[in-house]
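Chemist: A single structure is presented below for examination.
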């Protein structure tokens, strides 16, 4: 009892001296088992090869360049590499995963499959993609890309139907119509194989609208059939619009196996790349840093939409991105957020990272790690320490029971002693 009272007293004294331990707006890690995926703002090789010694180009502290815990590529992103010919093989492994990328596919790039397409659909695709990546990297240690081999028995080749500017879609691949087909009302299939990983993220995409070709309108229809388990995954066009639609993608998490891609109308699509997920781990929320341009360019909030508790913590700066190298590279606010990678921290929460695990001015929500078990609330003159009441209630009950037992024993011995004196 004395030790408990002393702990409460010491904590209150600490509170009166102004020790708050507030959550800080950084990304950090419990220990050295972490990994960061990024772009030019954390690409040390780009700085060395293109901008020698000018580390102001990055938001990452250059002390981390030789850590071996970073997979970053200037001008790229995981989503961009997943879908397009502009490819970088992001590869990394860790218990705690941090993402600071995504800005290299935004409304600024204005990508759409056709001239009458919709970039809004591609922003939706981006959000759905990162949702799957973040959720799965909370339970997997390792991420990399793998090629998906497929076999199509026809003579037609894949076609670059979906392209805009410098971006050319190659995942999924479009198989062109066979020369002997007069229209797109036909069924066609291709085999593809997934092997070597625990699970895979693959795209299943359709044009969700009436696709016009030579005065005829078509409804897209695509399926993947797992020949080992009998499970089928499919999408059918449900919209009646004829303009303003685009390539809607769902991102499936599939096991290894032999699959059949099936098209009942329009062109056959088949996956050519997959995110390879390996090495299951205990649930560990990922951390995502907002990836956006200076306000002179249009950005999106899809990584924020995708990053939701409990599987993900989102960190952002409250000000416009204004770099010191140029307006899009070397921002002080985001440099501060990434500075947390220089040290270990015991506790992570929706509000931020806690540097200490004793008391805090803020109760951590969706907490992970060794987190404060007390909230230190300061009134103007009197520090009040509010603790989780359950341990105190249980201790009070135990003390009450002990007092009752002591009183009963005292009464018993007093009565017994009086009886013996009377007998004497």
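The backbone N, Cα and C atoms fix where each Cβ goes, and this holds for glycine too.
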Chemist: Which range, 372-392, 393-413, does Swiss-Prot list as transmembrane segment?
Modeler: 393-413
Chemist: Rounded to a whole number, how many Å is the Cα of residue 371 (disulfide bond) away from the Cα of residue 326 (active site, charge relay system)?
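Modeler: Taking the Cα atoms only, residue 371 (disulfide bond) lies 39 Å from residue 326 (active site, charge relay system).
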Chemist: Quick one: pull the CA-CA distance for residue 205 (disulfide bond) versus residue 113 (disulfide bond), whole Å only.
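Modeler: Cα-Cα, rounded: 12 Å.
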Chemist: How many Å lie between the Cα of residue 326 (active site, charge relay system) and the Cα of residue 65 (disulfide bond)?
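Modeler: Counting only the Cα atoms, the answer is 21 Å.
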Chemist: Just give me the nearest neighbour of residue 44 (disulfide bond) among the recorded positions 307, 312, 329, 347, Cα to Cα.
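Modeler: Comparing Cα positions, the closest of these recorded positions turns out to be 329.
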Chemist: Give me the non-local Cβ neighbours of residue 329 (active site, charge relay system): same chain, 6+ apart in sequence, Cβ-Cβ under 8 Å, ordered along the sequence.
Modeler: 40, 41, 56, 57, 58, 59, 323
Chemist: What are the helix, strand and coil residue counts for the region 'Receptor binding' (128-266) according to DSSP?
Modeler: 10 helix, 70 strand, 59 coil
